[in-house]
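Database features, via TrEMBL:
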type	residues	note
BINDING	313, 319, 349	Fe cation binding site
BINDING	328, 349	homogentisate binding site
DOMAIN	24-274	domain 'Homogentisate 1,2-dioxygenase N-terminal'
DOMAIN	285-412	domain 'Homogentisate 1,2-dioxygenase C-terminal'
């Protein structure tokens, strides 16, 4: 089964004032089967596509790979629906807002870039839901050729009402930063909060409910799906385990919307809409990634004779960082929760002067690092272009970012000798 993933701490969502308890199944890349308990026996036995499905449902397959892919790479799901998704009105073009795939609207900028927390619109001034609150910050590649990525932020204050979103271009990896989000998909419901992630695969319809001012980050990949990295020399227990990921249990909704239910579809970087009668009913080079997702969680620092914070470097990859909460260890000031930074390919970056001076003279004893914080990084082999919104329109670009390195001074001593440290 084509998984929808989340990274919480339990197989049951928290009891939540807004809704009932949500159940999940545990595993990554598993073959899952589930049915809404209101319709026992709704899954056909011994076949995927019976002549007549139980409960008079329509059988429909959602493919995540070519039909002829080898078994380990073949991704597909069978759904049993009240109506098939093909029943809808024709597509019509709708405004894209700040969602874009135009990487050439502004001139390339190789400088270190950092953004202050992105503004969340006030509900009293303008109601903005998840789709209307999407803003593209940077990206590279082309959805038409199925090769590339996009980095977006979402800032919203109201739930999606009688409409949902469907991305034909790629997968969304959603990282909430402020406010929990209730995501209703064609596969079931998920409650996702800061410090958790969620992946919505290509082609899957979903709607987002929010419970106040809400903000987060999105990594979009074209033409590929997220995978757990190989363990390799790190060993059997060094990375995320398949059991840490959850897939929602099937849930259905039989609801007619007299005014029409709207599906917003992202296709080749543009937005389109169509009306539907119902929403959901479900019974490259090895080692070089299009995109990596990395977190910097609380941990113990124990390395001896080592400068423990991230070192100064120039990378052959693009690094887009965000902060969920707390302070990032290499940038105590300036890098704020809800903000972001982009260090482009081969652009030098590293700790600010305070971090360097402090950690160059600190006593190297075991210590907790990044306690109470959570930073993450989208790293990509693509050279990402920043959008006009990211550079100008959002008005959150920190033009003084470079100054955090200005006070760095030379410690070079030509008379240094071994043993005279």
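Cβ atoms here come from the backbone N, Cα and C positions, even for glycine.
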Task = Would you mind reading off the Cα separation of residue 349 (Fe cation binding site) from residue 328 (homogentisate binding site), to the nearest angstrom?
result = 14
Query = Which number gives the other C-beta atoms within 10 angstroms of the C-beta of residue 328 (homogentisate binding site), all protein chains shown included?
reply = 25
Message = Using the alpha carbons only, what distance in Å do you get between residue 313 (Fe cation binding site) and residue 328 (homogentisate binding site) once rounded?
response = 17
Remark   = For residue 319 (Fe cation binding site) and residue 328 (homogentisate binding site), the CA-to-CA distance in whole Å is 15
Task = Could you name the residues, excluding 313, 319, 349, of the same chain that surround the Fe cation site, i.e. Cβ within 8 Å of the Cβ centre of those residues, in sequence order?
result = 310, 312, 314, 315, 343, 347, 348, 350
Task = Give the residue counts of the domain 'Homogentisate 1,2-dioxygenase C-terminal' (285-412) per reduced DSSP state, in the order helix, strand, coil.
result = 20 helix, 37 strand, 71 coil
Note = When each of the binding-site residues 313, 349 is scored by other CB atoms within 10 A, the minimum falls on 313
Note = Counting every protein chain shown, other Cβ atoms within 10 Å of the Cβ of residue 319 (Fe cation binding site) number 20
